[in-house]
Structure formats: structure tokens, C-alpha cells
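Over in TrEMBL, the protein carries these features:
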- A:9-337: domain 'Aldehyde dehydrogenase' (DOMAIN)
- A:Glu120: active site (ACT_SITE)
Amino acid sequence: MLSADSDSLFLVPEPLGVVLIISPWNFPLVTSAPLVQALAAGNTAILKPSELDPTFSAVFAKLVAKYFDEKEFAVVEGGAPETTELLKERFDHILYTGCPPVAKIIMAAAAKHLTPVTLELGGKNPVFVDESADLALLAQGIVFAKLLNAGQICVCADYIVTTPSMKPKVIAAVSSAFDALGDMSKVKENARIVNERHYQRLTSLLQKTKGKVVYKAGGEISPSDKFIPVHLIDVDVDDEFMKEEIFGPLLPILSLPSFDAAVDYIKRNEKPLASYLFTSDEAQSSRFIRETSAGGVTVNGIMSHCFAPGVPFGGVGNSGMGKINGKFSFELFSHEKPVCLKAGLTYKH
Amino acid sequence: IVEAQRAFFKTGATRPIEKRKKRLENLKRMIDENIERIAIAYERDLGRGLKVAQMERAVTLSRIDHQISHLDEWAKPIELPLCPPLSAENGDSLYLVKESLGVVLNIVPWNGPLTSLGSNMYAIGVGNTIVFKPSEMAPAIAQLWEELAPKYFEQNFFAVITGGVPETSDLLKERFDHIFYTGSTGVAKIIMGAAAKSLTPVTLELGGKNPVFIDDSADISHCVSQLVGGKQLGAGQICICPDYILATPKAKAAIVEEFKKIISSLGDLNKSEFYGRIVHERAFDRLDSLVKSSKGTVIVSSGSPDRSSLHYPLTIVDVPLDDSLMDEELFGPIFPLHEVSSMEEALDIIHSKEKPLAAYAFTSHSKVADRFVEETWSGGVTINDIMVHTSTPLIPFGGVGHSGIGRIMGKYGFDTFTHEKGVAMRKGARLNI
């Protein structure tokens, strides 16, 4: 049907139009960064930063107004009411980073206009530690995860699952790694809990749990400072800590009789944004990767797969849809249009 | 059914590539071994016969073959180059693992039954299970699929759900891992709204008012012959069919004469098996009333409308801009033709409507072609022909804006139903799957 003598075929990346990006409070600039690819793809952009970062929001809005015409790129500040108003408008793509309940509202609003959505959510990211794990490496990973913004990051380690024989060793290794850091409340740069509501949410988990706190890092829980030291809590599967994404410095540890049982448990729950495995058994790690699903996986590390060039960043199932990171973001915000030209014509860009 | 499929999926039974290829082969056999019965159902439901069924069969089978032959390559993990902080010296490696999603719901329309059956190939190739909902507007076909599927697929792998709006509404209350819908914009909004409740990703293949711009430099006889041929296929009831024509003055005059010449020599399309019927009375009445309420003039028509046989003739109407025929997607054998003074005017008109699934232009000026490509937004474009940009599995097929979300065909279809999972392995761990 097509012949190279007279026909030509192209894929032309085309901008979509007006892109809305709604970013969360935990890493406001990084999570807003896809606006760069939105503009690079030839769209205009509206950014709605989180109202839980009022200082960032105000400063960023002012700077954007100074460097951009609002017809190209504008910042809209505000909370739920402003976002609701914004969602009544029609966009050509909406990128939302946040939590599943709000994501459902956004997708439902987008459905009214058939606006494609990209949802970067989170999940209960498991850390499976098996008999052959390098515990020093694990402890290093946990320290990194729970100090990074006090665990308030979508790809954080949410809970540890291991075997009964490994559990005390895991607790010991993680405890001594945090002990070496001392009282983190004395370190001003160490992250605090973002606001009163999340602080209450986390401290009430400590009250509601039927589990046992087996380790508490240095420093005291402080309502005024919203500081919560890292806690390790030994729990059962039906505990409060195993219900929702924790998003904080509290780490439950669960023991299940076997690797099989752990894989089953992970499969029975919502697909997380990330899953982690510490092992030196290749068959075990391959099986874990094959049989459990997550946005992305790191074996013998935490978050190493995130934002690596060439790796799409995104969730699956309840942890999200669509992918960002570099070229993937560009593709998100463009339509790759097939163009066929016949009768000797070709397309000159 | 959904639960049973999900349980089946979780056993890992859909993972082995050889099993997936076997299922794709069975999909082919389901079509091949029953082609006569399929043709009879085509005749009953659509008024199109064996030749049309054979044509769709050939295209569908070649697409399935393409998938089978590439499946190993597409499904295998990709090893990626490393950047700091990852490094080979540290024993790090990085992969993209192709993961299936789970249970896929595929809701298809009535207008291309074999193509629609074939559209399951993407999800099957990736290792998902299928809940297939054919259209109630082609009931003989739907019943045939319902009868045949259990003979060709494992239990709890491929379920056929027949029925109409109530059954679809019930289906949409269930949770799927991806919903693939081909049909209209209105229903798509309902489906996406339902999908939002469980954060289910959707692929929507819709339609639109696909414009054809013809300028004075176009090869008129080629252009009109393509347009007439295209509109005859299924009596214009195809998503990528050209919908309306915008022509500059000299071109318009020539087109009018050419349409008169060609259409009068077509004979009564009522007998043509490629043409077929309008799908039902409601659609017929809609087309009929659009033409009757048009403020335009009928230039030529291939015959007379006949409601009892659901035949609508190929009709060309010269219309003003605000005409009833210039409003919604027609999805029928009618060409509204509107004269424009320039390409600018044509572009303004095209921009005033939703982004269509396809946009066409006939011209011999490369600058006009370039401009058409850059200044219109659509699922895809063909210049100096129609529909050809959808002709091979190497080209992505999908809409933008109201013409759809996501894409299928070939590897693009495979990727749509896949989750590409980034996997970083450190400390000497290597992937072995």
C-alpha cells in the first residue's frame, strides 16, 4: 500500500494544549519539574502547588509571574476549594502527584472532558528481608529511607516483612544503625512532620497499634516541633500500621513464616509504588520480581531505581498510572501523530 | 467472573510466553475455523457478506501474526545503561521488566467484528486475561463469540459478556486492571468516570469529525475516487472515515463534477456487500433527519433511502458552515461539502471543532501539506489518500482530545497493556526471569 518511491511516513510529536500540574507538599520543586517537559513539548502549563507549602507556593508564584507571561505558564495557589474550581475547567492533560482518594476525584473530573491523566500516587512499599540478606546494607537503606524527609516520600520503605528467625537480627541491625546517629531532634535540618493533621495521624497510630514498639531512636516526640523519632514496631498482619500508607518515620516489622507467605501477602494487597528486597539468592529475587507487582523495584538498596535515566517513574494499580522522568514526561505531554504523505510529498519540519 | 479471572491470573498461568503465543494462535483458529459462520453473522447483523469478512480476517490475522512473531522480543526485559550512583563496578544493574496488569475489560463496537475480536490480541500477548464485551447492536456476532470462546480458551481466561447498557453498567461496577473501550465520546465519559472509582487506566478509541481539505492543486479524480471508495466501506460507519470536505473554489467546482460522474456510475449500492446497512433504525432516522434539516443542496446521491432495508445512499450535499451536517460526527454515507476561500479559513473551521481521529488533505504543494500537519491536531494524518496512516502494525493508532486516549497496533498495543517496571539490582544481584 505504501511505497518508498512516492510515499513517506512520519511520527510527529504534537503538543496537547494546556497542561495542569498539581504537585504535593513533600518535594514541591521536584514534583513540579515535569512542567519543564510540558513546556518543552510546546504546551502551556498551569501549576497548582500544595497549600501545605504556603511559603514555597507564594515565592514560586511570584517568580513565575516575573519570568513568564501567564498565557504560557501560570501558578494558581490555593487549597481544596481552588483546586475544585480549577478542575471544572478543561485541560489537555492533568498530572497529579498525591494520594489515591484525591486522585479518584481528579480522574472523575477529568473524565467529564475526556482529559488524559497521569497519577503519581504511593502505596505500602514493602521491604522483604530474607535469610541471605546483607543486614548492614539493609540498615543503611532503612536509615536513608526514614531520614529522607522523615519518611514522607512516596517511594519510602513502608514496612519490613521477614521470617521469624531473621526478625530479631533485622531489628538489631536497624536499631544500631539509628543509635549511631544519636538524637536527630537536635539536628535542625532533620525533617519534621509537615503539619498538625499528619502529626496527629502518626502519633495516633502509635496509640492504636496492638503491636510492640521494639525500638525508638533518640529524641522525644514533640508536638510543638512536630518531631517524631524513628520507631520500629513489631506487628501482626491485621494491625493499624498495616492498613494505610504510613508516610512518616514509623516502621512496622512483620514476620511471615516463609518467602512464599510473604509473596502471597504482598500480592493480596494493593500494588505499591515501590518494592524492595534484600537477598543474595538470585532465584528468590527473580521470583519476587516476577510474581509481585509494583511501580518499580530495587534489590539490595532503597530507591535506586527512581529517576535513573531511561527508567520510567510511575505506579500501577492503586499506586498510579502513567510515567514521568525525562523523555517519558515529554512523551506524556505530546501526542505522537502518525502522518502519511503520498504522491511524492514529504514533511519538512 | 472477574474474581475467577484474577485468581487465574495470580497463579501465573498467563506468564509463560509460549502459552501466550498458543492463545494468540487459538484466536487465529477461532477466526479461521469458523469463517463461514462468521460471514453469516456479518450478513445478519450488518448486511455485509463473506468478502468483507474475508477482508477483515486477512487484516486481523496478519496483525496477530505480527504480534506472535515479535512477542519474544517485546516481552523480554531490557537491560539499561547505568548512571551514577549506580555503576557496574559496584555490582549494579538496571532493567525494564515487562509486567502484565491482570484482568482487562475490552468493550467493542459493532462496525468491525473481526477487527474488534482481534483487538484482544494486545492484552493477550502481554499475559492479561480478557473480559470481552461485544456490542449488542451486532447480536448474532456476539452470540457466536460467546459460543466459540470456551472452545478456544482456557476457563477463566477469556469471558464473553453479551448484552446492552444494563450489562455494561454492571460490568463497570467491577474492578479491572485496564479498560479498553472503542466507541463514542459520550459513552467514553461514562466509562472513564466509572474507571476513576478504582483508578483503572483506560484506553479509549473514539472518533470525530474527520475533515478533508482539498486545495486547487489536488489531483481531483484521485481524490474523489478515494473519498467515494472510503465512504462506501461500511457506508461510512468507520471511525477513521472522512467526514466532511472543505474545498477551495476551483477544487470545489471540479469535485462537484467528479462526484456527479462517479456516483451516477456506481449503481444502486443497496446491492453492494461492502456497503452494508445502516446499523439500526435509530441511526438511520438520525442520518435522514440530518439531511432533511440541512440548509444545503444535494449535489448527487447514489439512490434513495429505504428504511425497511436500512439502506442509506451515498449522498453529497453542498452546505453552509452552520449546517446540521457540519455539527456532529456523521458516521454515515453522507459528505457535506463546504467551500472555503483559503487554507486559513479551512484551518479556522477545523480548529472550531474537537480534535478528530483523522485529518486528511489533498494537495500537491508541500508547504500546504507541512502547514496542514503542523496546524491541525488529530489522531493521525494522511495527505493525498485516506486511512493509509492506519494501515500497518508499525504505526500507532489512537486519538487525541475527544478522539481518544492511548493507542494500539503492534508494539504500541503491547505497551499499552504492559506495566514497564524499573528494576535496580545492587550488590551483584542479577535478573534471571
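Just so it is clear, glycine is given a Cβ too, placed from its N, Cα and C backbone atoms.
Note that this is a predicted model, so its numbers are computed, not measured.
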**OP:** Please give the average pLDDT for the domain 'Aldehyde dehydrogenase' (A:9-337) in this predicted model.
**Re:** 96
Subject >> Proximal but sequence-remote residues of the same chain as A:Glu120 (active site) (Cβ under 8 Å, at least 6 apart) >> reply: A:Thr31, A:Leu95, A:Tyr96, A:Thr97, A:Gly98, A:Cys154, A:Leu273, A:Phe313, A:Gly314, A:Gly315, A:Gly320, A:Gly322, A:Ile324
Subject >> Where A:Glu120 (active site) falls in three-state DSSP terms >> reply: strand
